[in-house]
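Here the structure comes first, spelled out in structure tokens, and everything after it is commentary.
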């Protein structure tokens, strides 16, 4: 197998960057969903925003972020109201209401894609569901030396720029308000008695998660976003008892998953002698699951093995 | 400090005749069921107050409604003569231990520092001064050695002391505590009781939901007895009568010993 610089720079580098920043954003924001024990909320968001994304796309007729984002946020609001309505009028618990609403909205999104004029513009079910990392191209660079030219970086694909921007935004917000976010996730009642409106902060967290999910959706698809929101944070939880370390580890895991998952998909099969490529988004999500699975088994303190040997040793000592 | 000044908290002097907490006509409903009906009560300006009553009497709900954590159907609440919103810096809250996730990746010191977030200000860094104050609060409950331990690795009593230290770190004037002595070990109970007496001696008011009728008289000065509505309120020896207990608890209370008389 040969990998020439031009192909790598045009095809693989933008895809790697997109995968990296999509995973970093989701991993970072996912911490606050996992710590609030609201992981399912990530799933609900990533599904419920689909009709909004498609509607935004249909109205604007382009793949620009702003209309899709506006549509997605509208859909998220509608979903919130619908969940509350179903819960109250249907007299069912919140989880059931959430399940009904987000699958319903997701189905509406799929119907819109398959039936609507979205088919004529370039939006199809495959790219929405599974992402299209492979389609993000950067045609400008022809060799390694081109990377030193700042003008060339200005031609980075729109998706990559958006993902970097969203990650930067999430990072800045979380760094500024880490104290408040931690307080609201840990003890919302204390936050309220101190005069910090916990409901507002919780909506902010859902908003950030929606932003990360929407940005990542083009790269890894709406179904697999959930893996990136949850797996890195859940993995980090097994390695640390400190909030700061938790965030750093989740970012590391997210980054490794994004880069590694794409690399496995793009280069793995040909290294093994197969003339094919594997879907990159699927490979990223699988890798995220594998890392979480291994960590559950092998993590030094909270892993299954460590706890079992700890029990055995305490048993022997007793 | 600046924030404290700007918040313009108003504390009338003790002889002004304004109670620490004045509740009038408070009613609260959960799921269309009335839990508290028309409570009107003024807490004393200082001293230790126990809220007692049978299970489901609305004791915790009363605290939460006063703190604005659950919506009230009707009623008016004043802290030192002013609405709650303007007096937040004067109140400290110790919730029930079960109300938070103890697996959360924070240390005892982190949790106690949260009590100072109102003083630090939103969006601002935690400075060394505030960490030192949090450490001092932990020391006051005998937990300085365990400051850096993750909260899930503390015993139930130690967790309760962390919550108390967090309230101390708030430097409040009026404290609300929801069963601070429930299920704690003897050493923790002694520590908590000692801190309650210190707070009282410093002229602060502490209002505790308390489940153990046997110990009310030896620890508390005042009592608020609830059973969905106000049954009795006043100094312990006036309010904690067998007659009132029977009205609050029904016949179950008839065999209770109520300390020295």
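Cβ atoms here come from the backbone N, Cα and C positions, even for glycine.
Bear in mind that TrEMBL entries carry predicted annotations, made automatically and left uncurated.
Here is what TrEMBL records for this protein:
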type: TRANSMEM; residues: A:15-35; note: transmembrane segment
type: TRANSMEM; residues: A:44-62; note: transmembrane segment
type: TRANSMEM; residues: A:68-87; note: transmembrane segment
type: TRANSMEM; residues: A:94-113; note: transmembrane segment
type: TRANSMEM; residues: A:160-178; note: transmembrane segment
type: TRANSMEM; residues: A:199-217; note: transmembrane segment
type: TRANSMEM; residues: A:247-268; note: transmembrane segment
type: TRANSMEM; residues: A:280-304; note: transmembrane segment
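Across the candidate stretches A:15-35, A:44-62, A:160-178, A:247-268, A:280-304, the maximum count of CB pairs under 8 A to the transmembrane segment (A:94-113) is reached by A:44-62. Same-chain residues lying 6 or more positions outside the transmembrane segment (A:199-217) and placing a CB less than 8 Å from one of its CB atoms are 22-23, 25-26, 28-30, 32-33, 36, 41-42, 45-46, 49, 53, 65, 68-69, 72-73, 76, 80, 128, 131, 162-163, 166, 169-170, 173-174, 177, 180-181, 184-185, 188, 191, 225, 228-229. Against the transmembrane segment (A:280-304), stretch A:247-268 has more CB pairs under 8 A than any other of A:15-35, A:44-62, A:68-87, A:247-268. Residues of the same chain lying 6 or more positions beyond the ends of the transmembrane segment (A:160-178) and with a Cβ under 8 Å from any Cβ of it are 14, 17-18, 21-22, 24-25, 28-29, 65, 136, 138, 201, 208, 211-212, 215-216, 219, 243, 247.
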